[in-house]
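Engineer: Right, I'll just put the structure down here and ask away after.
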Amino acid sequence: MASLRKTHPLLKIANDALVDLPTPINISVWWNFGSLLGLCLIAQILTGLFLAMHYTADIATAFSSVAHICRDVNYGWLIRNLHANGASFFFICLYLHVGRGLYYGSYLYKETWNIGVVLLLLVMMTAFVGYVLPWGQMSFWGATVITNLLSAVPYVGNTLVQWIWGGFSVDNATLTRFFAFHFLFPFIIAAMVLLHLLFLHETGSSNPTGINSGADKIPFHPYFTYKDLFGFVILLLALSILTLFSPNLLGDPDNFIPANPLVTPPHIKPEWYFLFAYAILRSIPNKLGGVLALLASILILMVVPLLHTSKQRGLMFRPLTQILFWTLVADVAILTWIGGMPVEHPFITVGQVASVLYFALFLILIPATGWAENKALKWN
């Protein structure tokens, strides 16, 4: 008689995704980040739920309610710091996951990849509205600056901004709706994650060699369940160390000052995980151009599958494109650094060069090198 996990309608779905899933035998630790992102999402939803029980979405009491959580709620300080630093780890895993996809050609599974890009955008939106909730100086001014970018939309821009604000400035209506969005989005993300997995399991995972692994697969459980659990332990250990030893390392000191519409902070900047996109936005001395570049910096990922010129899938055996990939990694690191710097010489020029290089790598250099490698191997 067949086991219950193979016959029960619900358990069968879980079984096919987590137990009997045929998995390439040679997937490396770079394939761990999908499950780590799942862990991050669950951790963020749980800590967020407990924070929402004590938080008040009102400009008069929002800042005080966060202070109350940290001072008076049992382990409130821990829950709040886990949630804030959990977001940083979420983005670390996200960027590594995307980097893995770019390196090993996972983007050729187009549906999985495009849903992944939508997921990235959703997580970024969620993090943005979440950052506004403590109602500190950087929360308020970050919300003002970023929502104001929509005024660059021709004709309807100003109307759009006032519609999002719910008034003529970032005020109580804005905070209330941002809290509603911040509560809602993670559940939309969870639904999208299921779609992401559904499409992935249509094709199966790729593997480091980039060649078909149909003849060489092993069951997901126990091999990769334990491998994933090991990843969970490392991630939770790192998160615990950051949260317990230096919880405010990645935050902005300005956010310990309650929001004041009359005083602008000297340097308005987002959390570290948005700095690369912020640097690209600032590198164009035109509002609409900057907004378009900001959108393009993420949406360019959707174009990557269309610009794949190589006859090989990944970069494992493509040394020239490898150099360009690591140039891209270095470029994003430089953009992240520039995004946190004031708008003055030489940072402006460095930011502009890094921004041009960012788009050139995706649109010109990597596709051209793929084509050149085909020629060198006489594969055309």
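Quick reminder: no glycine exception, Cβ is built from N, Cα and C everywhere.
As listed in Swiss-Prot for this protein:
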type: BINDING; residues: His83, His182; note: heme b b562 binding site
type: BINDING; residues: His97, His196; note: heme b b566 binding site
type: BINDING; residues: His201; note: ubiquinone binding site
type: TRANSMEM; residues: 33-53; note: transmembrane segment
type: TRANSMEM; residues: 77-98; note: transmembrane segment
type: TRANSMEM; residues: 113-133; note: transmembrane segment
type: TRANSMEM; residues: 178-198; note: transmembrane segment
type: TRANSMEM; residues: 226-246; note: transmembrane segment
type: TRANSMEM; residues: 288-308; note: transmembrane segment
type: TRANSMEM; residues: 320-340; note: transmembrane segment
type: TRANSMEM; residues: 347-367; note: transmembrane segment
Engineer: Counting distance between Cα atoms, which of the binding-site residues His83, His97, His182 is nearest His201 (ubiquinone binding site)?
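Structural biologist: Out of the listed candidates, the nearest Cα belongs to His97.
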Engineer: Out of 33-53, 77-98, 113-133, what stretch is closest in contact terms to the transmembrane segment (178-198), meaning most Cβ pairs under 8 angstroms?
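Structural biologist: Maximum Cβ contact count belongs to 113-133.
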Engineer: Rounded to a whole number, how many Å is the Cα of His83 (heme b b562 binding site) away from the Cα of His196 (heme b b566 binding site)?
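Structural biologist: Answer for this pair: 24 Å between alpha carbons.
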Engineer: What residues elsewhere in the chain lie close to the transmembrane segment (347-367), defined as a C-beta under 8 angstroms and at least 6 residues from its ends?
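Structural biologist: Distant Cβ neighbours of the transmembrane segment (347-367) are 279-280, 282-284, 293, 296-297, 300, 303-304, 307-309, 321, 324-325, 327-328, 331-332, 334-335, 338-339, 341.
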Engineer: Can you give me the Cα-Cα distance between His196 (heme b b566 binding site) and His182 (heme b b562 binding site) in Å, rounded to a whole number?
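Structural biologist: Cα to Cα, His196 (heme b b566 binding site) and His182 (heme b b562 binding site) are separated by 21 Å.
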Engineer: Taking only same-chain residues 6+ apart in sequence, whose CB is under 8 Å from that of His182 (heme b b562 binding site), what do you get?
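Structural biologist: Listed in sequence order, they are Gly48, Thr126, Val129, Gly130, Leu133.
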Engineer: Counting other Cβ atoms within 10 Å of each residue's Cβ, which of the binding-site residues His83, His97, His201 comes out lowest?
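Structural biologist: With the binding-site residues His83, His97, His201, fewest surrounding Cβ atoms within 10 Å: His201.
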